[in-house]
Amino acid sequence: MSDESKIKIELPKEHEFRFDVPQNSTISLKQQLVEGTAEYFGTELALGVAYQFDNEKGAIFTWYPGCVLELVGNCKHYISSETMMKEYLNIHNILQQNRTTALNEKKRGPRVMMVGPTDAGKSTLSRILCNWAARRGSQTIFVDVDVGQGSITIPGMVAAQEMTQPTPIGRVEYTASNPLSYFYGAVTPSENIPLYKNQVENLARDIDARCDDNEGAVRSSGLIVNTCGWVEGPGYQLILHAIDTFKCDILLVIGHPQVYEDLNRTYGSRGVNVIQLPRSSGVSKRDQGYRRKARTEKIKHYFHGLSEDLTPHTVTLDFKDVVILKVTPSTQKGTRLMEITPSGEVTHCILGVTYHATSMENVLSNNLAGFLYVSEVNVEKQKITFSSPSPGPFPSSYLLMNSLRWLK
Ligand code: ATP
């Protein structure tokens, strides 16, 4: 089949059309709905619109007979009846009932957490539930504490975003406007567990404040929290910490009976609804290389836009105009920040720009304004050059650094 061959697919009721557009290829797949109705991870496809998928694995699903898709492009694909969508819909219906009750009783809405190993389908289920809720007019807060594949700002951060609209199709990323994002700066929580926990707590504090400020849809719509796939040993302890910190009352445990048993034993008696779900057969395994490439792509999209048609600003500053604070491996007392003089070590780093930071003490507990990429350090001239989505000036001179780098 040539790249541009066009085929029609009749998708039976309650079936998924699964596809895998490979990484490291120039193939992109265009799909459109020519008859009937269909959705992509909870977002409805519009009739006659061509959606482009690059480097993406996914599934188009229909609830009704009469769905016809047209495909242009070449990739692995197949139709499956083994879908979890009905189970997911049952959960969504419970959440909608809880949201209505919460609105009427002026209480906080359901706080749901996904738990499971890597490649269990946690991000996908989060996305489906957020999209269905948005289609019903809810304003769920999507919380992503998966620093490895975080989708709200860039990987390496813990972040949250109000979901007022379903996610656009053909983009894995959430198009976050005004996200809450806290600096962690590494792609695995094991690198600095105290800092990771601190940042989860900072995020939860600001989410609670946001919910309590709003008596309407935001407070009653609740949270959907996506977590890392590290569910063993210290990773399990981090899951417990996140459940308690976000005050979750529904746990969806995907593809790990032992973790389900453990969580149910601990939380079942405390009024938390712990639900076990099998892993969908459509979820793909992604190796380390795939994950690394996916992270690089997300950082690229931050600086160059989703269509990669934007050019970031180049900003050169004197060393004296910036304070680079490096997160050092934590002691039991918590994380230490060390001011460093720019050198080759900083080149290629991604730095977090803080809002309103007046002193070193509170920089880590502040929401981030954005990110800079260090493209050059000139020690002789005492100049540092950044790529930045904004031309500056930046809201504060404090720039946070950890191990996160962008090696293009
Ligand atoms: P991790 O914790 O490792 O980041 P995860 O548990 O969040 O992984 P997902 O990202 O949801 O897993 O799913 C893994 C991959 O499988 C994704 O590329 C996703 O798009 C794909 N996928 C999920 N469900 C399906 C499906 N039903 N059909 C085809 N692909 C799917």
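Using the three backbone atoms N, Cα and C, a Cβ is placed for every residue, glycine included.
Remember, TrEMBL labels are computer predictions, not curated facts.
Small disclaimer: the values here were computed from a predicted structure and weren't measured.
Listed features, source TrEMBL:
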type: DOMAIN; residues: 10-101; note: domain 'Clp1 N-terminal'
type: BINDING; residues: Glu16, Lys57, Asp119, Ala120, Gly121, Lys122, Ser123, Thr124; note: ATP binding site
type: DOMAIN; residues: 116-305; note: domain 'Clp1 P-loop'
type: DOMAIN; residues: 310-407; note: domain 'Clp1 C-terminal'
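Structural mapping of features recorded in TrEMBL.
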{"residue": "Glu16", "record": "ATP binding site", "CB count, 10 Å": "23"}
{"residue": "Lys57", "record": "ATP binding site", "CB count, 10 Å": "21"}
{"residue": "Asp119", "record": "ATP binding site", "CB count, 10 Å": "16"}
{"residue": "Ala120", "record": "ATP binding site", "CB count, 10 Å": "22"}
{"residue": "Gly121", "record": "ATP binding site", "CB count, 10 Å": "23"}
{"residue": "Lys122", "record": "ATP binding site", "CB count, 10 Å": "27"}
{"residue": "Ser123", "record": "ATP binding site", "CB count, 10 Å": "21"}
{"residue": "Thr124", "record": "ATP binding site", "CB count, 10 Å": "22"}
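Comment: ATP site residues Glu16, Lys57, Asp119, Ala120, Gly121, Lys122, Ser123, Thr124; largest CA to CA distance 18 Å, whole number.
The DSSP secondary structure for Ala120 (ATP binding site) is coil.
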